[in-house]
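**Q** Shown below is the structure under consideration.
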Amino acid sequence: APRSVDWREKGYVTPVKDQGQCGSCWAFSTTGALEGQHFRTKGKLVSLSEQNLVDCSRPEGNQGCNGGLMDQAFQYVQDNGGIDSEESYPYTAKDDEDCRYKAEYNAANDTGFVDIPQGHERALMKAVASVGPVSVAIDAGHSSFQFYQSGIYYEPDCSSEDLDHGVLVVGYGFEGGKKYWIVKNSWGEKWGDKGYIYMAKDRKNHCGIATAASYPLV
């Protein structure tokens, strides 16, 4: 795998979004991975609907604004035969509506998902290099994460098991001798480094970045 990769430069990544006061990070991680794979196969970058996932993937085990898993959302897209565009099914940051999916606005699909071997940063690196942006879950429960602004994030108290936030790895690189993952968050562009965080890479699966990583098959 190359020493550095940044899928933003290749057109795979939509602008940073904002989940608001709703525990729907899992939906944003899911759409991010699907947007990348749709671009890889179709050559078009289309923003996909998180609200579609929030409202409609309860049968797969997701809980709207109270949390969910990216794999269950990938499963929903497969079960449902697609996901609507952001434009046709806009985000409300609420989960009190019934499913409003409409097949005519279907903008992407998947045929399942691949889980990266648990805790293997090298396998994650290979996947990011060959496939594109990958969904990951991390421990984001520290104030150092909430208030991150720049630099390579390393939190001594970070857990590799207690994961509470779904995000998207869009690449990796190094600065001096320090390696990092390029991570797209869903807290708006004002958070972090223009909405992104650069997280320590190859430091014993820091914050669990490779503990629950996956991507959709398209």
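Glycine residues also receive a Cβ, built from the backbone N, Cα and C atoms like all the rest.
So Swiss-Prot lists these for the protein:
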BINDING   Glu9  Zn(2+) 1 binding site
DISULFID  Cys22-Cys65  disulfide bond
ACT_SITE  Cys25  active site
BINDING   Glu50, Glu86  Zn(2+) 2 binding site
DISULFID  Cys56-Cys99  disulfide bond
BINDING   Asp71, Asp115  Zn(2+) 3 binding site
BINDING   Glu97  Zn(2+) 4 binding site
BINDING   Asp139, His142  Zn(2+) 5 binding site
BINDING   Asp162  Zn(2+) 6 binding site
BINDING   Asp164  Zn(2+) 7 binding site
ACT_SITE  His165  active site
ACT_SITE  Asn185  active site
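Could you tell me the structural context for the features on the list?
**A** Within the same chain, no residue at least 6 positions away in sequence has its Cβ under 8 Å from that of Glu9 (Zn(2+) 1 binding site).
In the structure as shown, the Cβ atom of Cys65 (disulfide bond) sits within 10 Å of 17 other Cβ atoms.
Around Cys25 (active site), taking its Cβ as the centre, 24 other Cβ atoms fall within 10 Å, counting all chains.
Residues within less than 8 Å, Cβ to Cβ, of Glu50 (Zn(2+) 2 binding site) and separated from it by at least 6 positions along the same chain comprise Lys17, Gln19, Ser24, Ala27, Phe28, Thr30, Thr31, Glu86, Tyr91.
Classification of Cys56 (disulfide bond) by DSSP places it within a helix. Spatially close to Cys56 (disulfide bond) yet at least six residues away along the chain are Tyr76, Asn80, Cys99, Tyr101, judged by Cβ distances under 8 angstroms.
Taking a C-beta cut-off of under 8 angstroms and a sequence separation of 6 or more, Asp115 (Zn(2+) 3 binding site) has the following same-chain neighbours: Asp71, Ala212, Ala213, Ser214. DSSP classifies Asp115 (Zn(2+) 3 binding site) as strand under the three-state reduction.
Glu97 (Zn(2+) 4 binding site) is surrounded by 12 other CB atoms, counting those within 10 A of its CB over all protein chains shown.
His142 (Zn(2+) 5 binding site) carries neither a helix nor a strand DSSP state and counts as coil.
Sequence-distant neighbours of Asp162 (Zn(2+) 6 binding site) (same chain, 6+ residues apart, CB-CB distance under 8 A): Asp139, Gly141, Gly208.
The DSSP secondary structure for Asp164 (Zn(2+) 7 binding site) is coil.
The Cβ of His165 (active site) lies under 8 Å from the Cβ of Cys25, Ala137, Ile138, Asp139, Ala140, Gly141, each of which sits 6+ residues away along the same chain.
For Asn185 (active site), the Cβ neighbour count at a 10 Å cut-off comes to 27, with all displayed protein chains included.
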**Q** Quiz question: given the disulfide-bonded residues Cys22, Cys99, which has the greatest number of C-beta atoms lying within 10 angstroms of its own C-beta?
**A** Cys22
**Q** Taking only the recorded positions Cys22, Cys65, Glu97, His142, which one has a CA atom nearest to the CA atom of Asp164 (Zn(2+) 7 binding site)?
**A** His142
